[in-house]
Amino acid sequence: MVQVDVFWSYAIGAGLAAASSWQACAGPRPAPRWSDPHLTGAVLFSSLLFAPSGIWLLWRYPDWETMQVARDHTALAPWLVALFAAADVGLAVIGYRVARRLGGYLMFLQPLLGYGAMFFVLVHGWDGRGYQRFLSPDRAAFGNWPEHPSPAQALGLAARWFTSPVAYTLAGMSVMLVVLAMMMSAWLGEGHRLARAGGQVSAVPGPAGRTLLMLAGLPVVLALAVAAGLLIDVFGWWTGVPAALALAWFVAVRPGAGLLHLIHRRLVLPGSSVGRRRRRPARAVR
């Protein structure tokens, strides 16, 4: 979806930067800005897989891909389509560069910030109907949603979406996400080996462990997005947004006790403390 891909692209680039952060520590300083092979990998993934998938969906399902804003191709300006394709790649580069520049825990938070914003658009959106727009294969189906659907009505309409051509297309395109997860796991595993060889860490998670840890933040930010939507629906934007930000800070982001901070420590990225080799204090010379 056009409104979602803005944040998703940023999250992809930032996530690939975090996965290759140990390699950046091992490289020459200062490294040439555009000679980073992992940045090249991020650009290739975005330009060869992610951006084409978005353009394909926009061409095949223009109403669904625009969250039921555009009725058909005639409602899409050519410059908007070109900008959409460029943004999918450009925002991945921006996410990569921002995450790499920040480093440490802030670097780890960048992809989750993007995914959290993406989930919020899908769950709530700008009018509280984000999930209805996502679970409607076209504008006609979107028009069938009542203003305040009951749980039974919502489940019935959602079930129709799961048997729609849009759902089947997304299921096929999910292979792209497997490729992304494999890239991130491979890069992080390579970085862990470099860090252990250099004596920077002593213990790192295995392949299954690091993959699970990489994905562990997604249900956290999804739950926060749902909570933010509920708070906004109940208290309005002016009160709901600060309340959602406070909830995210105390539950997930807060250093030391937040769920995301605990995941960051277990993932053994640069700037985390778990897994680091402790140096023995030097003996005093008598």
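Each Cβ is built from the backbone N, Cα and C atoms, and glycine gets one as well.
Features reported for this protein in TrEMBL:
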TRANSMEM  6-27  transmembrane segment
TRANSMEM  39-59  transmembrane segment
TRANSMEM  79-98  transmembrane segment
TRANSMEM  105-126  transmembrane segment
TRANSMEM  166-188  transmembrane segment
TRANSMEM  212-238  transmembrane segment
TRANSMEM  244-263  transmembrane segment
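Between the transmembrane segment (6-27) and the transmembrane segment (166-188), three or more CB pairs separated by 6 or more residues in sequence fall under 8 Å, so the two stretches touch.
Of the Cβ pairs linking the transmembrane segment (212-238) with the transmembrane segment (39-59) and spaced 6 or more residues apart, fewer than 3 are under 8 Å, so the two regions do not touch. Counted over residue pairs 6 or more apart, the CB atoms of the transmembrane segment (166-188) and the transmembrane segment (39-59) come under 8 Å in at least three pairs, which marks the two as touching.
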